[in-house]
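For reference, the structure discussed in these notes is given below.
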């Protein structure tokens, strides 16, 4: 068993409202990612679950039992800190053994568990070193081992990959998914990296300014963003948003363009809307019917693709194109839109329009 | 923020910082620098040198005019007089040295035991009006001791603490606790709180986390702070002279001062007593010199 549920968490630091009614439900055995920009309250949420943060309001339930008043030790959780927080005077072995020593395991049990963890994480040769003698990636693995050496209710991970270089980060992403699969257990994983969230999570909760914006599978969050902000935060390059309104069977842009109205939208005429278009749902043509007229603004060649910035009136569209695409700035272009994959948001509230017909 | 925590973690507090200091000192000084420093050193150290010379001169050499710098007969009689009484047994001075050891030692130990956990609490917990409290604690050090010596004298008379070692221990502890809290808070702030968080998640209680994980990292800071407190208590004169009177209670500073003022002054004895008095402080300062610099420059240097 290992369910984690938080309800109505509120916490302020001085004038900053870090958590503003956060409610989450982490199913047993899931890899649950809390995604958000820095300052969204992700870490505070995790620390609240761990019992390290005194809450203004709200409750934490572990395995269905109210654990709000429990000490961190009594909650039976393990945590990986962003800074790793390895004990500096102790060897890797002692660091990994620490949770077992605290629970008064016999030294033979400890030796067996540390050995098992170190082979799982390939850190056998590091065991006698101190943190100061390790690289960031090595410390990260030792910190993981210290968390994983026990079988707690849940594993909490606070941006564990943020301080690693890119190559290592990609490697560890796969590694963590592998560990989750082989060990099982409930993972609550905090990150500001949407790629981590989309690639590792069973479920994602998107957090902004202490409020949960959306909870769902990675596909749901990506394909059906609950609001304009989630749409903009998840996905790279960022989704392009164009002001428009519905008129009859057409969408009329503030910049003068028109597109056929998507069949699935129920928006009433004249209501100010935002049309959200992801780069991969657009293509650059030099003519077309379901297309937006614009000017080439700039190119970002990324190797496997080229991101084309197209200026439509005063607004900017990011379009994914073939890596061989070339053009000169100022050149007239048409951007073809896959309207079945477009998103519409209310321009006032930012909420996604009902897509029941889709 | 993330970077600074990471640096702190990877560097590890209490790490040896000698390489950087070695880089700063020694080599590469200009002639002018050396000359100025030499002049400064001579001016600063001359009284100390004179004290040491006087303590090993015979009495007639002490009064010799012109003063003898090098060609005098060395004698250790004055040092013998410091410890041995005229009629055999222990001298009054040696008793006062013992008193100083007891008073300074116990008050420093008390201040450390009280101040370190307080500093930890102020560093780690959200305390109501924390800044005001800390300012209040510090403000007790603003006034010169002589301002409060009379009220304290009157209170102590009521309590029977006049001419009592316990009285001195209490007042020195009271003066050292604020200092300990402030200095130790700086050291505690430097140790990332995440070590304790990690320890609590490992299954330790908050106090165990402090005791097993943070305290060992604080030991250099505690040593530096304790030496400062010890030096304060050891050197303290005003309270000692007002609050004690008998030879059996008196600490060394007023006892040495008491040697001056008779019809004849035994300068040799005064100097020898002063040398003996200064030695422990010098030894302690030398032992923890690395941490003293860390303590003095704390916060000023980004490690």
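Keep in mind that glycine also has a Cβ here, set from the backbone N, Cα and C atoms.
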| field | B:31-52, B:53-74 - the range that TrEMBL marks as transmembrane segment | value | B:31-52
| task | Report, as numbers and ranges, which residues of the same chain sit near the transmembrane segment (B:31-52): CB under 8 Å and 6 or more residues beyond its ends. | result | 271, 274-275, 278
| query | What residues in the same chain, six or more past the boundaries of the transmembrane segment (B:97-122), come closer than 8 Å to it by Cβ-Cβ distance? | reply | 130, 133-134, 165, 168-170, 172-173, 176-185, 187-188, 210, 214-215, 218, 222, 225-226, 229-230, 233-234, 248-253, 276-277
| request: Please figure out which one of B:134-156, B:168-188, B:209-234 racks up the most CB pairs under 8 Å against the transmembrane segment (B:267-288). | output: B:209-234
